[in-house]
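Accompanying notes for the structure given below.
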Amino acid sequence: GIPCGESCVYIPCTVTALLGCSCKDKVCYKN
């Protein structure tokens, strides 16, 4: 539920995905 500061509208989460973030509602979130 915490925004990671990366969007995933056109491409998936990249850098933040390594930190455990996943795409939700076009934004990368963690918990």
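Glycine residues also receive a Cβ, built from the backbone N, Cα and C atoms like all the rest.
Noted in Swiss-Prot for the protein shown:
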DISULFID  C4-C21  disulfide bond
DISULFID  C8-C23  disulfide bond
DISULFID  C13-C28  disulfide bond
Would you mind pulling the DSSP three-state label for C21 (disulfide bond)?
-> coil
Provide the three-state secondary structure of C13 (disulfide bond) computed with DSSP.
-> coil
One finds that other Cβ atoms within 10 Å of the Cβ of C13 (disulfide bond) number exactly 21
Between the disulfide-bonded residues C21, C23, whose Cβ has more other Cβ atoms within 10 Å than any of the rest?
-> C21
C4 (disulfide bond) - helix vs strand vs coil (DSSP) = strand
Would you count the other CB atoms within 10 A of the CB of C28 (disulfide bond), including those on all shown protein chains?
-> 23
